[in-house]
C-alpha cells in the first residue's frame, strides 16, 4: 500500500490519494532543485573567491612591477582595485568576468615581451618593451564637460573628473593619470581643460608639467580639444603617436587595458585611426556602438579589425539586436593615431577646423601671441565630436581600425551607473559619503549622497537617488537618473546658475 493510501482509509477515494502523492512529488522535486541550486551557488562562490584572489595577486604584482620597471617610478596600478566581485551586479559593465594572468618573469633581450591578454581571439599579445613605456607615445586627456547628469554632486566649477566618486582616495582624473603613466611619462602626458579647472587639475596632479596643460578658452566638444593637442604635439614631435582617453571614465583590469592600448599603438603606426572597442555586458542604450569589420591580419596587432561603421546610441530593441550578433562593441571614445594622421583627416573632412587649429599650434609657444590667436580663432571653430568629424567618414573609407578588448569600463554617466560601482549590503542603498548619516528601514536599492552633514532617514522607499548637498537637494529614481540634466536646464532657466 502506498504512503498516500495509508493516510486514508481503504474507503477513501483513489483520486484523493493520487492528489496527495502528486503533492509530495512536487515537494520532493522542489527540494532536489534547491539542492542543485545550492550546489551551483557554492561552485559560483568558489569561482568568485578564486577570481578575487587572482585580482589581488595581480594588483600586488603590478605594483611591484611598475615601481621597479617604470622609467619614472610612478606605479601604474595606483588605481585602487575594485572590491570583491561578490559585491558586483552579475551584469555590471564594470565587472571583469575573466581575469587575465600577469607574466612577471623578465624576457631575454632578443625576444619580444609577451603578456597574456584577454583581447579578441588571441591569448598572447606582443609587447616589445621590457618595461611598458612606449617610445613616441603621447597621452592626451580631455578634461571637459560639467557632468550634468551627476548634478548637484558634479558642478561646472568642480565636475565629476575632479571627484572621488568611489571613495578610493583618488579622483577620476588622478586614476586616469595613474593608469596611463606606465605607457608613457610625465613629459609625454598632456591634458586639455578649460580655464575654470586649470588650478584644480594642477593641485591634483603635481607631476603634470605646466607646458603640458593645454587650456582651451571655451568648450568646443572633443574634436577641437583633441585636435588642439594633436596640432601642438605634431609641432613638438612630427612622429608622435597620440592616445586620447577621457578624464572621467572608470576602468578595471589595468593589464588588459594597457595591452589593448599597446596593440592600438602598433596599428596606429600603420597610419590608421584606431579606437578601442569594449565588450558589451548588456544591451545599453546609453552608449554608442562600433560594428566590427574584417581582421587586419597584423602580426604586431593580432586582434585588430577594421571598423565597419559607428552607430549612435540605440533604443533598447536595437541594442539587444546588436548584442545578439556578437559583431558590436561599445564605443568608449578612446582614439589612438599619429598626430599628423589625425590632422590630415581633419584637413580632408573639416578643413576650416584643421586650419584654425594649425594656426593656434604655430603660435602656442609664444604666450602673448597665443592669447591673441586664440581670441581671434577659437570662438569661430566648429563645435563637433571627433566621431562625427573624422571617425565616421574615415570608417566609411576603411581608414579606421578597432582593437576589441574585454577590460571593465564605465563612463559613470549618471547616478544609476555610479550606484553600480559602489559596494552595499544586501537590500540597502549605496552610500557615497558618511554611512552614519544615513538611516534606512525597509529600503532596497538606490543611492544616497549625504553631502550636507544632515541625517537622511528613509522608510519604505526603493531605488531612490537622494543627493543632499549644503545648497541643493535632489530626489529622483534610478530609472530616471539619465534625465537629471533636464533639471539642470530648468534650474538655469529659473535663474539658479550659481548652483550649477
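Using N, Cα and C of the backbone, Cβ positions are placed for all residues, glycine too.
Where the annotation comes from TrEMBL, it is an automatic prediction and has not been curated.
The average pLDDT computed for the domain 'Nucleotidyl transferase' (140-423) is 93. The annotation domain 'Nucleotidyl transferase' is assigned in TrEMBL to 140-423.
The domain 'MannoseP isomerase/GMP-like beta-helix' annotation in TrEMBL covers 446-490. Residues 148-153, 286, 413-416, 418-419, 422, 429-434, 437-440, 499-500 of the same chain sit 6 or more residues outside the domain 'MannoseP isomerase/GMP-like beta-helix' (446-490) yet have a Cβ under 8 Å from a Cβ within it.
Helix, strand and coil content of the domain 'MannoseP isomerase/GMP-like beta-helix' (446-490), in residues and according to DSSP, is 13 helix, 18 strand, 14 coil.
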